[in-house]
Amino acid sequence: MAELPVTEMPGDALCSGRFTISTLLGGDEPPAAACDSSQPSHLTHGSTLYMRTFGYNTIDVVPAYEHYANSALPGETRKMRPTLADLHSFLKEGSHLHALAFDGRSGHELTDGLVEDETGTNSEKSPGEPVRFGWVKGVMIRCMLNIWGVILYLRLPWITAQAGIVLTWLIILLSVMVTSITGLSISAISTNGKVKSGGTYFLISRSLGPELGGSIGLIFAFANAVGVAMHTVGFAETVRDLLQEYGTPIVDPINDIRIIGVVTVTVLLAISLAGMEWESKAQVLFFLVIMVSFANYLVGTLIPASEDKASKGFYSYHGDIFVQNLVPDWRGIDGSFFGMFSIFFPSATGILAGANISGDLKDPAVAIPKGTLMAIFWTTISYLAISATIGSCVVRDASGDLNDTVTPGPGTCEGLACGYGWNFTECSQQHSCRYGLINYYQTMSMVSAFAPLITAGIFGATLSSALACLVSAAKVFQCLCEDQLYPLIGFFGKGYGKNKEPVRGYLLAYAIAVAFIIIGATLRAWVPGSFWVEPDKLPLSPWVFEAELNTIAPIISNFFLCSYALINFSCFHASITNSPGWRPSFQYYSKWAALFGAVISVVIMFLLTWWAALIAIGVVLFLLLYVIYKKPEVNWGSSVQAHSYNLALSYSMGLNEVEDHIKNYRPQCLVLTGPPNFRPALVDFVSTFTQNLSLMICGHVLIGPRKQRVPEFQHIASGHTKWLNKRKIKAFYSDVIAEDLRSGVQILMQASGLGRMKPNILVVGFKKNWQSAHPATVEDYIGILHDAFDFNFGVCVMRMREGLNVSEAMQMHTAPEALVQEEQASTIFQSEQGKKTIDIYWLFDDGGLTLLIPYLLHRKKRWGKCKIRVFVGGQINRMDEERKAIKRFEDMIAPFRLNDGFKDEATVAEMRRDCPWKISDEEINKNRVKVRLNEILLDYSRDAALIILTLPIGRKGKCPSSLYMAWLEILSQDLRPPVILIRGNQENVLTFYCQ
């Protein structure tokens, strides 16, 4: 490699995650550069001398961000580093790297036309570039709006009156603890790689895999779509009540809700269809309205109480009111700590709103952690502040009657109001007070400086939550549809415009929301008061998520809690796998805190509404089992995959500490299939008795020069593995390159397996063409059997009348793409065998393997009805049949005879040296008696389902390969059932003892 001079340039320091990358060009020391470690590196080919690395002229390239992330835009060619073959072996002619390797231009010139310079077209904003949001507008405001809701306005004062300020703060902090832990888990997952669109579904599916991710994605999208209806109904009822208050109803109370609700959700749909930029502007407007309502409330607490407000229990800030409201005063059926907790907890949720538009964020790895945690912090402050301030200003009971003032004379006056000139003793004792902190749900409106602004805040909270749910439902569902984990939903995955807006998803979510708005109103008409109530009389049942669908709301809310549980579990699971792929740049998380968050989320589900929790978990399990059954062809490098590796490694290492015992013997098979699809019967036979029991490896020897076979070697393995998976064969595929078949099989027998999970049986097909094949190939075939015995393997030889190799008849392929698509050949081992027989001819004591394999076969359902018959050796006098068998045997081996009867020893030795497969007259005489068994098999086992024989062993160096093949041929010829010749390694695989 020629070394060329390099122009000296100042170094560039770039950052990627937790690493700082300095580009050294020339001998000068690069200056220190400050950069945000959370920002991705923009190191490209154009930022250095491409083709030159530290002064060397090479096609190798310096590290680049684009090589590690699929950052190319649609239609743009992804920048890739040279392959190992490009650098180490050869360059394909015609490739751009081949041209560059022989181009004499300078480094700067070489970059032109290959990659874009950073100061070129990339620096100019394309007019069609998608709109992206930062952490404030994209995440924090969105999350804060979704966390705030009508529970804040209408329920928090009532909870403060019930639980007292101290316990209310405890309830708030416990709820925030759960959401904060979930927020930390979201932050860790979102900084563990490039986050694309799909939000919660994307985070869970890429962490835990498609099974859990798909189920949560579907129910999360549905829950958000229903949430649109629930939030819209909360808004519609408030508007309906205002219309009734001013005597201007539209039609009637029920249809008013429908009309207002449908019109409202239609407007929200129009905002969403206008694009994320308009949707974001609407959210900012809602945020400003809510902030004004908060300011209005705080100003109201400072204004001295009017006579009307005083009659309703408001007296501005007083220490004795604060002290009295510190402690609880439980009332009603929900008057308990957990009752209040269950009512408040939904108002602390909503932290996923920002993550759900992850595809529309400038940098999700920065925006999601920062925006989510800041939203949790500021909303927590607001909850604590409102609870403390309203508990310092308003007494628990008040009548609202301007005449209930303290009058001089006889009579008692109880309560703090007495000190401020008001007597609410009568209504307090009779529990008939209509006002006060514990009785009046509109206390914030009453306290505020201008009550309509609180109503505007309620409008802003409900509409912003409805809009966020509409966007979340469509965005999450679009990503799920693109992954195609479920049938019939791909239609909704198409995106439109520069932001790839899920228009079809918006329309589907709109249709679901409208349906639930109409259904909800119908339910109220059927069962008056059961499902709908006035906004100032919200039911005390837990889990009413700013609307009054009391039956549906708990189920939907539990869907959200399932998401929290799985996000926390994803973080925990990824942490304990110790996978190199788990390296989040966000470090402020704990795997044990994440586990606690997952467990407590499930506990809260059952604590709030146990029947809704069971329904939610049941739906998740149903969808989970469906995806497991379908086994989608996706690979996202999930923590489940990493954990599977950890378990396999741990158990494999643990096996090294387990001593061998006969009772734990398992037939672990190395099957010489070649391409597995060429010999499906051999694959199916071995799989029948190894499935879920022991190891099966399909071995393939690629014969030829290594240089020629390496490309094929790297290309075909995945295709054969997919073929095995499609056939539902639990086996490994292993291939080697060798100069000849025998040396390749020797490599496989020595190197296959791991630890104690190593093959102990070699399974081969019978060489049917041995008589016409070149004698050297027959010598190699028999040599492989001898090698197996040398390595202390058992041997299994399978013969079928029609042969084993179906590659020509079925036009089989070896290309990976064609392997998966080709038609699967059926074999006898895939069909029910009925009440036939499995005939075992246990000719020699081989340790019991001849009996064990058919026994394992018989345990399978397809062979379970067969009767096992065992035959052992004996003397049978059938002279005529023996003569015929011997005659056939002699005719078969005639071409392979030495005919050495009248030749001297020197001539015979020379003939054997040149043709070791030739058979001497003496060897024929010794083995003549062994050919008689075939007649017995034809008589007794003609109609058997399977015939098992003990494989005779030919002594190495003494029995010619042609004689041994003739021996096996005459034993198994003319038999209709498959014939399996088995020979153990003479070590026990069966025992009659318990220890």
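Numbering starts at 1 and runs along the chain as it is shown here.
Backbone N, Cα and C define each Cβ position, glycine as well.
Given the structure is predicted, the values throughout are model-derived calculations rather than measurements.
The annotation domain 'Amino acid permease N-terminal' is assigned in TrEMBL to 44-113.
According to TrEMBL, the transmembrane segment annotation covers 133-154 (among others). Residues 231, 234, 276, 280, 283-284, 286-287, 290, 343-344, 346-355, 357, 360-362, 366-368, 370-372, 374-376, 378-379, 382-383, 386, 441-442, 444-445, 454, 457-458, 460-462, 464-465, 468-469, 535-536, 538, 545-546 of the same chain, all 6+ positions outside the transmembrane segment (133-154), place their C-beta atoms under 8 angstroms from a C-beta of that stretch.
Per TrEMBL, the feature domain 'Amino acid permease/ SLC12A' maps to 138-670.
Look at TrEMBL and you will find 166-192 (among others) tagged as transmembrane segment.
TrEMBL lists 212-236 (among others) with the feature transmembrane segment.
As annotated by TrEMBL, transmembrane segment applies to 257-276 (among others).
Feature annotation from TrEMBL assigns transmembrane segment to 282-303 (among others).
Sequence-distant contacts of the transmembrane segment (337-355), counting only residues of its own chain at least 6 positions beyond either end whose CB sits under 8 Å from a CB of the stretch, comprise 138-140, 142-143, 145-149, 151-152, 155-156, 159, 162-163, 167-168, 171-172, 174-176, 178-179, 182-183, 186, 190, 199-200, 203, 328, 361, 364, 367-368, 371-372, 375-376, 379, 383, 465, 468, 472, 540, 542-545, 557, 560-561, 563-564, 604, 607-609. Per TrEMBL, transmembrane segment is recorded for 337-355 (among others).
Per TrEMBL, transmembrane segment is recorded for 375-395 (among others). Long-range contacts of the transmembrane segment (375-395) within the same chain: residues 139-144, 147-148, 152, 156-157, 159-161, 164-165, 168-169, 172-173, 176, 179-180, 183, 294, 297-298, 301, 313-319, 321-322, 324-326, 347-348, 351, 354, 415-417, 424, 436-437, 443-444, 447, each at least 6 residues beyond the stretch ends and with a Cβ under 8 Å from a Cβ of the stretch.
Annotation source TrEMBL lists transmembrane segment at 507-527 (among others).
The transmembrane segment annotation in TrEMBL covers 547-567 (among others).
Annotated transmembrane segment per TrEMBL: 588-604 (among others), in sequence order.
Marked as domain 'SLC12A transporter C-terminal' by TrEMBL: 679-818 (among others).
Per TrEMBL, domain 'SLC12A transporter C-terminal' is recorded for 883-994 (among others).
Secondary structure of the domain 'SLC12A transporter C-terminal' (679-818) per DSSP (helix as H, G, I; strand as E, B; remaining residues coil): 62 helix, 28 strand, 50 coil.
Same-chain residues lying 6+ beyond the ends of the transmembrane segment (257-276) with a Cβ under 8 Å from its Cβ atoms: 131, 133, 228-229, 232-233, 235-237, 239-240, 250-251, 282, 357, 360, 463, 466-467, 470-471, 474, 497, 499, 501, 503, 506-507, 510, 513-514, 517-518, 520-521, 524, 532. Panel annotation: around the transmembrane segment (166-192), residues 17, 38, 156, 159-160, 203, 207, 326-328, 337, 340-341, 344-345, 347-349, 351-352, 355, 358, 364-365, 368-369, 372-373, 376, 380, 383-384, 387-388, 391, 564, 567-568, 570-572, 574, 581-586, 588-590, 593-594, 596-597, 600-601, 604 of the same chain, lying at least six beyond its termini, place a Cβ under 8 Å from a Cβ of the stretch.
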